[in-house]
Each structure stands twice: as structure tokens, then as C-alpha cells.
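The structure appears below as C-alpha cells.
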Amino acid sequence: MSEKKSYDKATEEGIKKAHSDGVETIWDRLEAQQPQCGFGQLGLCCRNCNMGPCRIDPFGEGPSKGVCGATAGTIVSRNLVRMIAAGAAAHGDHGREVALVFKEMVEGELPGYEIKDQAKLKAIASKLGIDIHREIKEIAEDVARIALLDFGKQDEKMLAFANAYAPESLKELWKNINVAPRNIDREITESMHRTNMGVDADPISLSLQGIRTALGDGWGGSLIGSEFSDVMFGTPYPVESTANLGVLEEDKVNVIVHGHVPILSEKIVEAAEDEDMIELAKSKGAAGIVVAGMCCTGNEITMRHGIPTAGNFLQQELAITTGAVDAMVVDYQCIMPSLVDVADCYHTKVITTSEKAKIPGAEHIEFYPQQADEIARKIIKRAIENYPARAKDKIKIPSEKMDGIVGFSVESIVEALGGSLNPLLDAIKEGTIKGIAGIVGCNNPKLEHDKGHIEVAKELIANDILVVGTGCWSIAAMKAGLFKVEGAKLAGDGLKAVCEQLGIPPCLHMGSCVDNTRILVAISAIAEALGVKTSDLPVAGAAPEWMSEKAVSIGTYFIASGVFTVLGTTPPILGSSEVVKLLTEDVEEVTGGKFAVESNPHKIAGLMLRHIESKRAQLLGKRG
Ligand code: BF8
Ligand code: SF4
């Protein structure tokens, strides 16, 4: 556990406020959990059947096998595959929801939604081999059908989306080692089947299924989520935004949207702009309405509309402790059940909206896309009505907030480069930009909040590495000023010159966690343009503060797509040297990517830099 809780002043202030108000936070609960279970940390406990729970003694003194005979390697790899399956399920279910809303919209059943980006729809259709010289509705129907089939088709062929988006070299590799994902849901189901008592016991075969499941996420579930969101809500283009708890305003109704899916948050943003809602807020004594995002649904609405972001994962409780949040509206994923306990000490209404994610003590207003506008207005109204219930003496909003530019989709990056990737490729060849790093993922109270995210990014840009990223990293980067064009002053001379010429920041916000697929798409396009494999590129990834099972799936699809990826917190695999060796060494010979585990930000950056330098040298050598 880290001594200092956060790198971010607003968060430190929030923690102090929580303590003085007698509110328990995530850091208190982490402390109460110490020491955490050693077997669990090593991945050595199994409760997959009721002959157990079983645990393996890592010191070789106690049992070396579970009741059924499962070894450390079997148990660790089974647990890992289940983590991947859960993460892929979260992303896949999100992607499915977006695709289903899209389908119903196309069928004319959802008046609240529309196709905002026809060009993007046609681009997706072209990739899928669909005839685009037809009515938009016909194209949309075909795209929706193919996407939904990727969740349910029963043949052995690769997902249509993976097949359409992944470079040939990767597809060939996946076929050769039999990890090409066939059906997003099937891979998750098969992972659960194989890890069930008495099925797959081989760490290698289990890990390969983990890879196949993760690929079904990155090149399937998440990709579908991102692409359909772009079609319905618009492909992101650079827009100015603001981040940190200081975006909340004392004299306005503050509504935080927290979670992941843009289906609801987009509508909340719209409803809050309605004249009659603003009038209603004024009638209650408020000067207006602020909608602010949190976590990835925050990323979704900031990148498309510049809506401010109140904070990342570890700031969710603290937002409520400002005493100024009138409603915290959540959909699903990364929402701490503790929010209702925190809200109990203030006036805040925690409103759950998804049938899939209810929290005891929260108010549930179920969201149906059929009545999207009506329900969004109802929620905003609820927040407005709650405004007069504030306890004035409990309100204290940290002043910190930072502006920056967000919303760099692949399309907008190409546009910023003047229509093709060539200027970027030239800069990489010349060495003005030495390589590209993706930094992604969560916060974790085991580490100093935001520190890894910011320090790794700063060190990389200082070494002329262009940094792109998503998720809670991007909120940390924004708060630290790394999304400002002036942030380029922290970059090395080469990167600085490129940023100044293009008017872009040195770190580019590519969206939410499902939008990691934008990074996959970008590196695939670069590899194809250079005529090399993704694993030949001067590219590296890191998740310095990850905590979610989704991050395990993300990391796994990156290494299976040829990217060297550093994990900042240790995954529960150290109980099996066989599994550790497989994922941090042997896999590289097969996919070209592998994991490293390192928590020190300076060392994380060092590992990434070394990898990028060596790939650069090889690439330039190869290309003569
Ligand atoms: O999907 S980075 S804490 S909010 S899991 Fe969650 Fe992690 Fe944040 Fe986004 Ni992603
Ligand atoms: Fe124990 Fe085997 Fe059952 Fe796991 S599957 S709980 S190791 S008996």
C-alpha cells in the first residue's frame, strides 16, 4: 500500500473532507482488509467445486494439489481464464447493448436515437464487405445483423469484425495457433466450461483459450461497442473539455453520470440542456445544471461533446463528499456499492438505471431505450428536486480543474495529419517521434492514485514517444495538463515540434476502455502502411494502475496482437512459475507480444522505452 494516497490535490482534499465528515472511503476499507489473502494474491486458491475450497502451499510444505489433483499451474491458469472471461463478458455485454439499440433504431422503434455519422457507418460496412451503394437503412440493417451474429453464430469461422479489422499477419497467426475468436459469447462460455471442475487442466491450453476469449473482446465486443457508438453519437473529433472535482459548481444542480455506456449518458446530456429543465432548476434557486462524467461514461461524453469529467475511478466517493452532487446516475461497471453509504451522509441521490446493476439503498429508475428522452428527463428532474435538500454547511468543492483537448479517434488523428498517416510514419522513420505508447486502465488504491499514470506518460513524452490512451488514465492525464497543447513543453524536442506544428497535445485521448480498440485499429493501420507486423512496430503499452478484470482481458488481447504490455499491479498468477513464464516470456515467440510486471513508474517507462528503442532499431534496419 502506498503511504501517500494521491498524486492529485483535489483527491487529497477530498479524502480529508471525507474523514472530517466521518465518511469511510475505499482507502479505509483497503486498510481494514490487511493483510490480504496470500493464496488469493498468488492465484493459488480454487473454489470451482464443492470438494474445495482448495489451496496450494506456495512454500512446498503443505498440499501441492487440490482435492481433485489440480496443480498450481492448473489452478492459477483457470483463475486467470475466469478473470479474462469476466472482463470480456463486461465489454461484450456493453457492445451487445449498443448494437441492439442500433438495430432497434434502424427498425424505427427508438425515436430517441439516430444515425449521426453516416460516413462511419459506410466505413464499417465497407470493411465488412457490405455493398454501400444502397439506402442507408439497408446498409445499417446488414451491419447490425453481422455484428449481432458475432455474438451468436455457430460456425468455426473467425468473428466477422475481427476478420474485417485485423491485419492479415495477425489473423494468420491466430489461425495457426487456433485462437481466432469464433463468437464473442461462445469464447466466454467455453472459458467457463473449460475451467469447470474436471475439464481443462493444461495451463497452456487454458491460457490459449484465455487469449481467444480476450481477442473476442478486443476485436469483437469492445470493437462493436466503439464503432456503433460512433455511428449513433458521432465519431469523436478534438474538443475542449475540463476535468477534476472542480468542474462541479456550487450554485448549480450537479448531476454526475458514472459507468460506461453512452446510451443513457448521451440522453442525460441532452435532457439537461432542455430549456424547461433549466427553468425548473432556476425555480429551485439554482443557476443552471451541470452534467459531469465519471470513469468511462465520462470519457464517452467528454470526447463527443466536451462535457466535463469530475474524476476517475478513485474519485467517485469523493465527488459525493463535496456535498454538491444532487444525483449520481450510474449504469454499470466500476461503480462502487459504497456510493450509497457515502450518499447517506449527504443529500445525494444515487440512481441506478440498469436492470443488470442494482445497489441496495439506491433509487432505481430503470432505463428503457424506447423511452429514452422521457426517462432522462425524469432523472434530471429528480436531481433538480433534490437541489434544495443540500446541507449548505457540508458543501466544499475542491477548486482544482484542468482543461485540455479530448477526442482523438483514429479518423480525427488522420485528419489532423492532413488526410493520411504518412506524416506520422515519416516522423517515426526520421526519429522526431521515436515510437508510440498506449497507457490505459484504472486506478487502484494499492498504489498512489494517478502517480503511475502521469509519471509514466511524462517520462515517455520527454523521450519523444507519442502517448495515446484511454480509460481512467486519460482522466489522470487530463487533470495533470497533459492534454493541453502547451503540455508539449514537457516533451522532447522532436515530439514538441510535431505537436506545435499540428496543434496537438503530446498525449492523445482516445476514449473509454472499449475504445482501446481504436488503438488496435491505429497500430494495425500503421503496421499495414509500413508492410510489417504489429509486433515489429516501436510500440508498447502499459496499465500502470489497473484493477478490473476488464483490464486483464484488455492486456491479454494486446499481447495477443503483438504489443509488449507492462502491468503496474501484479496479476494473481505468481503462484505458478509455469504460467508466469508463459505470459512474460514464451508467448513472445508466438505472438510477438508479452507481459511485464512492474509498479515503479520510472521503471515502467524504462521497460517501454527499451522495447520501443529495440523495435525501432530492428525496423529501421529491416527497412534499410
Ligand atoms: O472501463 S479504466 S476503473 S472506468 S475498468 Fe473502470 Fe478501469 Fe476506469 Fe472504464 Ni476501464
Ligand atoms: Fe479443489 Fe479441484 Fe474442486 Fe478446485 S476443482 S475446489 S482444486 S477439488
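Just so you know, the numbers here start at 1 and follow the chain as drawn.
Just so it is clear, glycine is given a Cβ too, placed from its N, Cα and C backbone atoms.
Feature annotations, courtesy of TrEMBL:
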BINDING   Cys37, Cys45  [4Fe-4S] cluster 1 binding site
BINDING   Cys46, Cys49, Cys54, Cys68  [4Fe-4S] cluster 2 binding site
BINDING   His260, Cys296, Cys334, Cys442, Cys472, Cys513  [Ni-4Fe-4S] cluster binding site
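Nothing from the binding-site residues Cys68, His260, Cys296, Cys442, Cys472 places its Cα within 10 Å of the Cα belonging to Cys45 ([4Fe-4S] cluster 1 binding site). Cα of Cys334 ([Ni-4Fe-4S] cluster binding site) to Cα of Cys49 ([4Fe-4S] cluster 2 binding site): a span of 28 Å. Closeness to ligand 1 is met by Cys442, Cys513, these being the binding-site residues among Cys37, Cys442, Cys513 whose Cβ falls under 6 Å from the molecule. Compared over the binding-site residues Cys45, Cys46, Cys442, Cys513, the count of CB atoms lying within 10 A of a residue's CB peaks at Cys513. Only Cys54, of the binding-site residues Cys37, Cys45, Cys54, His260, Cys513, place a Cβ under 6 Å from an atom of ligand 2. Here the candidates are the binding-site residues Cys37, Cys49, Cys54, Cys68, and by Cα distance the one nearest Cys296 ([Ni-4Fe-4S] cluster binding site) turns out to be Cys37. The Cα of His260 ([Ni-4Fe-4S] cluster binding site) lies closest to that of Cys46, out of the binding-site residues Cys46, Cys54, Cys68.
The Cβ of Cys37 ([4Fe-4S] cluster 1 binding site) has Cys45 as same-chain neighbours under 8 Å, each 6 or more residues away in sequence. Comparing the Cα of Cys472 ([Ni-4Fe-4S] cluster binding site) with the Cα of every entry in Cys46, Cys54, Cys68, these being the binding-site residues, the smallest distance points to Cys46. Look at Cys334 ([Ni-4Fe-4S] cluster binding site): DSSP puts it in coil.
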